[in-house]
Amino acid sequence: ELFSSLFGTFAESEIGFGTIIGSAVFNVLFVIAMCSIFSREVLTLTWWPLFRDCTCYTIGLVVLVIFVAVNSAEEIELWEACVLLSMYFMYILLMWKNADIYKAITGKELEYPEEDDSDDDDSDDGKNDETESERMKKEEEIA
């Protein structure tokens, strides 16, 4: 991906835009699919990350197309590159304030899946093999 983009840049080829689209499709579809295939448990996915990332990606591509096709024909000027770079920093800010933005849009708190700390325990002697649902049932019985 990187070498294709570098080659396209220095050979003055139009491969650069296709590389951007191809890598994004690969990252959105293939990487997420592999994570779900090799996951040890069922992954609970919500609409929010897909909506958030696809919206940002679509806005970025529309701005890039406007810059390449309309504004300065087949060339990115310095100010356009600065705009695109600032959009990246805005995305980083969005990810930092992700929970706050989610609450502002939906009115609900963003809940993250609980992490199981027993997997990180190096001294696992088989005593902590109960699942999260079994632990929850035991806690309900105690209460």
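Positions of Cβ are set from backbone N, Cα and C atoms, glycine also.
Among the features that TrEMBL reports, compositional bias 'Acidic residues' is placed at 112-124.
Residues or ranges marked as compositional bias 'Basic and acidic residues' in TrEMBL: 125-143.
According to TrEMBL, the domain 'Sodium/calcium exchanger membrane region' annotation covers 1-96.
As annotated by TrEMBL, region 'Disordered' applies to 112-143.
Marked as transmembrane segment by TrEMBL: 15-38 (among others).
Sequence annotations record features per position, and here TrEMBL assigns transmembrane segment to 50-70 (among others). Among residues of the same chain six or more beyond the transmembrane segment (50-70), those with a C-beta under 8 A of the stretch's C-beta atoms are 17, 20-21, 24, 28, 76-77, 80, 83-84, 87, 91, 94, 98, 101.
Summarising the annotation, TrEMBL assigns transmembrane segment to 76-96 (among others).
The DSSP breakdown of the domain 'Sodium/calcium exchanger membrane region' (1-96), given as helix, strand and coil counts, is 76 helix, 0 strand, 20 coil.
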